[in-house]
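**Student:** Not my notes, these are from TrEMBL:
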- 355-518: domain 'Nephrocystin 3-like N-terminal' (DOMAIN)
- 631-709: domain 'GPI inositol-deacylase winged helix' (DOMAIN)
- 842-874: repeat 'ANK' (REPEAT)
- 875-907: repeat 'ANK' (REPEAT)
- 908-940: repeat 'ANK' (REPEAT)
- 944-973: repeat 'ANK' (REPEAT)
- 974-1006: repeat 'ANK' (REPEAT)
- 1007-1039: repeat 'ANK' (REPEAT)
- 1040-1072: repeat 'ANK' (REPEAT)
- 1073-1105: repeat 'ANK' (REPEAT)
Amino acid sequence: MSDPKNYTVGWICAISTEYVAAQAFLDEKHEGPEYLARHDKNDYTLGRIGKHNVAIAVLPMGEYGTVSAARVAEDLIHSFPNIRIGLMVGIGGGAPSEINDIRLGDIVISMPSSNGRGGVIQYDFGKTIQCQSFQPTGFLNQPPTILCAAVNGLNAHYELEGHQLKDMVNAVLKKKPRLQNRYRRPTCDRLYQSHVVHPPESGSSCAQVCGNDQASLVRRKPRIDYDDDSAIHYGLIASANQLMKDALIRDRLAAEKDVLCFEMEAAGLMNHFPCLIIRGICDYSDTHKNNDWQGYAAMVAAAYTKDLLCRIVPQQVDGIVDTQYDGEQEKILTWLTSLDFGPLQNDLIGRKQEGTGEWLVETSEYQQWETTRGCILFCPGIPGAGKTMTASFVVDHLRRKHGKDKDVRVIFIYFNYKKQQEMPPIDIFSSLLKQLSRNGSAIPVSVMTLYKKHKFDQSRPSLEEVLVALQSTIRSFAKTFIIADALDEYETPSRINFMEKLFDIIEKTDANLLATSRFVGTVEAMFAKKNTLSREIQALPADLDRFVDGNVHKLPPFVLHNSALQDVIKQEIGQAASGMFLLAQLHLQSLCGLRSPKAVKLALKNLRKGVDAYDHAYHEAMQRIKAQVPGSRELAIEALSWIILARRPLSVTELLHALAVEIGESTLDEENISDVDHLVSVCVGLVTVDNESRIVRLVHYTAQEYFQKSKDVWFPHGHDILTRKCVTYLTFDASSGQPGHNKGDLDNMNLYPLFDYSAQNWGHHALLSSIDGDELILRLLENSSSVSACNQVMIWELDMSQPFSFTRTGAQGVHLAAFFGLPKTIEELLNKDHNYDLQDYMGRTALSYAAECGHKDVVKILLDRKAPVDLYDCYKSTPLYFAASAGHTAVLNLLLDRGAFVDFEGFGRMSPLERASASGHVDAVRLLLDRQADVNHRSLVFWTPLSIASYKGHAAVVQLLLERGAFIDCEDQDNATPLARACAGGHETVVRVLLSKNADATIKGKYGRTPLLCAATNGHSGIVSLLLDYGSNIDTQDREGSTALSLAASRGDLQVARLLLERGADVNIQDRQGRTALSVATEKGHLPVMDILLEKGANMNNADELILPHCDELLERAGKRLKRGGGSALLEKLAQCKHVRP
């Protein structure tokens, strides 16, 4: 028998004619598979073509269409785990046109179109609109790159040499003469005019019924001698669950979409089994269908496929293990989060002075940390001691040491004071999950589950869901190292939440954590509670000497030629720096402009020491800037104002454009753009450029702290300048043109790189400036094309956490002013008779945006002007609804005082109280309840405020709602209670609150699942334990007979399975299909769970056939356990299963 693991090419046929043709072209036929996945009902023929082992499968007789094809492909992948490329080969109906001369016996290959669409379109998965073209609503993946490349190479070969497909078919027929009758090439090829219909009641052939009348036939030029006998066409194949027998629709799709061929299976494969579709043309997709050409069309398609496989080198196929799904993987990982610390790590390693930080890995604390599972090492240090550089060295060291071990992962976080808004805890943990997922051959199951769950309704996962997936993924590796740098640079509320969650992960997964921070009391206290290892980070004297030696070339020439002076500099800077790299850097920079050895020595004597020296060093740097010539001084001051006051880090090109803007001008003069090296130079060491990201930033967090305290001294009109420059930039003639409907349509985004920042942030700067209501701002907001362009950029912003939702068109200046909260500007616009009730194309008003963003002053102005308080948008959302969602209590009070309806039902009949509950705004919830909001209001799907607060995990809101009379066991349309929702979501604190208030844990929801089953199926071990503590039945079964144990086994969740077994779960309960937890775990290949179930006495009677393929690996595990003093019973069971003596 043949081992399924040896096959890398999957070939799927729809009908027996195609199956016969495929087998006929095998160079060698193999025995059947040694074993198959459970429930795999496919029939397989195995063999070799060229140097490739091929598994050929066929759809069940009488079954057609996309669903059947998808099922066959799914079973094929499960049974043959190393399939790397897929082929769907057989017959199809041609779509001839004036452009594409397609004839019977030709071949059509699915190839991506020039617009990037894959080679297959599902034409029954779309919509038709009268007098408009067909509009597909779903698009399918492209064939794998390796197949597309091979097709292109074979095409070039055929063009040069011609093909021998007809000869290949004839050779097969000569070898197997019994196939001659059905599979040889017919001689008659008629294409009837589209209006000629074969009578549906007639059973006679077209030759008899439709005849050979030339008026009924399409006249085609005869193919000349040097034309290939079977022409090969490349392009779009149309797929559906119905047979195409309509020439008019055929012609329409051929004209509108350039369709070449119609068939019934490909659409079921492309998004799940990326493959190439190869179709031999056997008819013309009209009413004149017959079977005459099916045999030959199948043969010639199989012949082409053999030629194609012979062009592909086996090593290329093996390489697809890591690259086949790269595009899809990256799409999923980007969906998780855009946060990426990789470029910063690369930049830090590129900057590192050789030898710096190596001392840490030689310490006993570090070595104990690296070799002990679940260990935490806290590395505090004074500002500028080199903590970040040391952290980057540890990351690099661990990567180099464990780089080849696929069971070890190194993941890292770099906190940044300037990026706090971009780094909520959910994005940080998502980034860790993204890093864990990136280097494997496949996306982890936990991540795929998360993606599929939220992809359909385009929702985002909750923090709890991300944490569960992260824990599950970490547990799948033998060891995971987490490096978290600069915890002190993370804002306090988020930092505490993050650290609590991080410590929980370490406890549950035995991952290793190394963290750095300044000496901050709250951070130190949290680590002290965990009894962690600790090692202070300092710049050693030798490190400081190496730093000075590596940067002495930046000093004046007279220093370079005076080794004695260099020794004095190293000694004095080393003593003054007191273990702080940054201070050494600043002190060294202060010597750059000096003119003599005496001046250098005098400056060295005056160097400050200690942490307080930073403020002095930054003050002295600013004094040096002020002493520069006017042009350099002004450039440095303005550059610093942008770097310090900008709402996000700016790239080099953004900053250079910002500096080049001349206020009041209508275009950007490119001759006014500065040189970046000159810019860095005039900023005298305060500014640096990250090489990887090209971001311009301050040299250190301490610099930001200094300027936060002194910005009003150094940049008193900073926000005024930034506002004027942003607004001027937005009104440039070239950049204010009406944009298209896609971000790529706005060519100005490349020509004007500051446009994106300016559009999103000009108003934020204006709010902090003294020029709210300035004429320059009014000119922007009264220019419809400029407003439209700004509006488009705000839509395109990828950070979906922003609270606005402008439409593509329809937003006016009053909307933007309200969104940014500019009271004087709003007053000026209203005084100019701008309509405050104007609705954009989503029905949003200025009051709606102001309420959503919490701008109380603007809300009051609009209400005083009699703006309608309950005017709703196209989703039936009122200003009160938006304010409740965002938790703006002051705005809520204003709106309610002006008569807003507290229980207004918006989209899905959700009330403002439900929106506030969903967002976790406990003060807003309390206010609405005080204003008599209905605590038990039910939405369209019967959710109450308690249901949604429980589902979202907002424990304080849950507690408040219960205190105000919320029904604790209310069921939604899926019969799920708040307790079930909290259990499914992993919200342990909420579960504890509900159980303490006597929530019923026995109520069964959809599929007959209790809260215990909801928790188990989602991997929430803490909640499973809690429910059992409160008396839940451990062996309760759902509608299909699944228990908590079998659900955990199905997921491969070792932690939950072990917990349930320790608490007495029955290991041999069967579901309605007779499957036990062991059967389910074995079916999915979850070896660790199979291992523990067998160790706990699981019956192998109905699982031994499934276990057989995994027996060797299980035996190895059992053998290791035996060496540790256990597992002999398991070893004996497995030996019996394998029919060997233990």
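Cβ coordinates come from backbone N, Cα and C, glycine included.
Help me picture where these features are in the structure shown.
**Tutor:** When pLDDT values are averaged over the domain 'GPI inositol-deacylase winged helix' (631-709), the model yields 89.
Sequence-distant contacts of the repeat 'ANK' (875-907), counting only residues of its own chain at least 6 positions beyond either end whose CB sits under 8 Å from a CB of the stretch, comprise 803, 842-843, 845, 847-848, 850-856, 859-860, 863, 869, 913, 915-916, 918-919, 921, 923-924, 927-928, 931-934, 937.
Look at the repeat 'ANK' (908-940): DSSP puts its residues at 19 helix, 0 strand, 14 coil.
In the repeat 'ANK' (944-973), helix, strand and coil residues by DSSP number 17 helix, 0 strand, 13 coil.
Counting only same-chain residues 6+ beyond the ends of the repeat 'ANK' (974-1006), those with a CB under 8 A from a CB of the stretch are 462, 464-465, 467-468, 944, 946-947, 949-955, 958-959, 962, 968, 1012, 1014-1015, 1017-1020, 1022-1023, 1026-1027, 1030-1033, 1038.
Here the repeat 'ANK' (1007-1039) has long-range neighbours at 446, 468, 471-472, 508, 976-977, 979-980, 982-986, 988, 991-992, 995, 1001, 1045, 1047-1048, 1050-1051, 1053, 1055-1056, 1059-1060, 1063-1066, 1069, 1071, meaning same-chain residues at least 6 beyond its ends whose C-beta is under 8 angstroms from one of its own.
Counting residues per DSSP class in helix, strand and coil order gives 19 helix, 0 strand, 14 coil for the repeat 'ANK' (1073-1105).
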**Student:** Quick check on the repeat 'ANK' (842-874): DSSP residue counts for helix, strand, coil, in that order please.
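**Tutor:** The repeat 'ANK' (842-874) comes out at 17 helix, 0 strand, 16 coil.
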**Student:** Sort out the residues at least 6 away from either end of the repeat 'ANK' (944-973), same chain, that have Cβ-Cβ distances under 8 Å to it, and list them.
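**Tutor:** Beyond its ends, the repeat 'ANK' (944-973) has Cβ neighbours at 462-464, 911, 913-914, 916-922, 925-926, 929, 935-938, 979, 981-982, 984-987, 989-990, 993-994, 997-1000, 1003, 1005.
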**Student:** Within the repeat 'ANK' (1007-1039), how many residues are helix, strand or coil going by DSSP?
**Tutor:** 18 helix, 0 strand, 15 coil
